[in-house]
Each structure stands twice: as C-alpha cells, then as structure tokens.
C-alpha cells in the first residue's frame with residue numbers, strides 16, 4: 001500500500017525584516033497559531049504581514065501615520081475592506097521587544113509572540129485604551145499565548 005503525502009496550503013502569514021536582521025524561528029507554528037486565533041474569533045485570514053523593524057523605523061512611522069513622537073513596540077494597519085476578514089500589516093520594533101523582555105523578566109520570543117497577538121487582536125477589533133479594554137486585551141493575549149506550542153515561558157530568575 002502506498003502512502004499519500006498530504007500537503008497543507010501555506011497560510012497567508014508573512015514575516016519580513018525592515019532594517020534589522022532578526023531570525024524568527026518556528027514560523028510554521030506561529031502561522032498556524034495566528035490563523036487559529038483569527039478563526040476562533042470568527043474571522044477569516046486573507047493576508048497578514050509581520051514586519052520586524054528597528055526603533056528608529058517604527059518611530060518614524062508613528063510620527064508619520066499617528067502623529068505620535070514616541071517609541072512603541074507595535075503599530076497595526078488594517079487593510080481590509082470586508083467585515084470579518086483580516087488583511088493587515090503589523091510592524092514590530094525588535095529593540096522594544098528586547099527591552100520589554102528584560103523589563104518584564106520574559107524571553108524575547110515570549111514578548112515577540114505577545115506583541116504579535118496584540119497586533120492581531122487590534123485587527124480583530126479589540127482596543128487597549130482605557131482600563132476595561134486594556135484588561136480584556138491582556139486576558140485575550142494570555143489566553144492565546146497559552147495555546148502556542150513553542151516554548152515561550154518566562155526565563156528563570
């Protein structure tokens with residue numbers, strides 16, 4: 001009996017570097033995790049780009065598009081015209097992620113995945129302005145991080 005090879009279609013989640021040389025591991029697992037999150041919220045994934053960049057690059061974007069002259073870890077752009085469909089770009093500062101990981105006693109991959117899911121949750125309609133919205137956002141982040149099957153636990157003290 002001959003075995004059939006089942007080839008799964010590649011999910012439309014893409015990773016890019018913009019002025020940084022960060023090597024993201026476990027891309028296939030992260031793609032599935034992001035897709036599963038989107039589906040569990042009742043949305044369809046059309047295309048999602050994660051662009052890893054420097055503080056300087058993201059600061060310029062923050063000034064240009066949001067009129068904020070501050071460093072940030074993530075900026076999300078929703079490019080979808082269709083309800084319940086995700087098409088977007090999520091820009092993430094690798095330097096902010098590394099700094100936040102040190103500040104919170106977390107691993108870099110844990111912090112990166114937290115910010116990835118944070119940006120994705122923005123595309124799903126969740127906000128983080130105000131105490132109640134921020135509490136819900138953090139709870140959602142924690143829930144979805146718990147479903148990720150790569151080691152992203154905090155580093156030992």
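A Cβ is built for glycine as well, from the same backbone N, Cα and C atoms used for every other residue.
Automatic, uncurated: that is what TrEMBL annotation is.
Taken from TrEMBL as is:
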type: BINDING; residues: 118, 122, 128; note: Zn(2+) binding site
Tell me the Cβ contacts of residue 122 (Zn(2+) binding site) under 8 Å, same chain only and six or more apart in sequence, or just say none.
76, 78, 128
Report, as a single number, how many Cβ atoms besides its own are within 10 Å of the Cβ of residue 118 (Zn(2+) binding site).
21
Around the Zn(2+) site recorded as 118, 122, 128, what other same-chain residues have a C-beta within 8 angstroms of the site's C-beta center?
74, 76, 119, 121, 126, 127, 137
Within 10 angstroms of the C-beta of residue 128 (Zn(2+) binding site), what count of other C-beta atoms is obtained when all protein chains are considered?
14
Residue 128 (Zn(2+) binding site): secondary structure state under DSSP, collapsed to three categories:
coil
